[in-house]
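Look at TrEMBL and you will find 75-91 tagged as domain 'Post-SET'.
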Amino acid sequence: QVVADMREKRYAQEGIGSSYLFRVDHDTIIDATKCGNLARFINHCCTKKIVIYSKQAIAVNEEITYDYKFPIEDTKIPCLCRTESCRGTLN
């Protein structure tokens, strides 16, 4: 987490608008910010396999979303998923 936090600050200082940090577990974060292609949007990694299971059928061309489990912070990021059980924020 310490390294991910440092990278996020450095990316902001470098003017990189978005970072692509994906938490695998408590100790592992994959950073696809500076390398990769469109696969970074699904957090591609050749040595670690990330599998996402769906609780419902996924239609062709349906957008796939993911709960990033952001830490709870005072400044809230609004959630725009519009589902019935939406928490209202990402964090």
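From the backbone N, Cα and C atoms, a Cβ is placed for every residue, glycine too.
A TrEMBL annotation is a machine prediction, not a hand-curated record.
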May I ask for the residues of the chain that lie six or more residues beyond the domain 'Post-SET' (75-91) and have a Cβ under 8 Å from a Cβ within it?
65, 68
In the domain 'Post-SET' (75-91), how many residues does DSSP put in helix, strand and coil?
0 helix, 2 strand, 15 coil
Compute the average pLDDT of the predicted model within the domain 'Post-SET' (75-91).
83
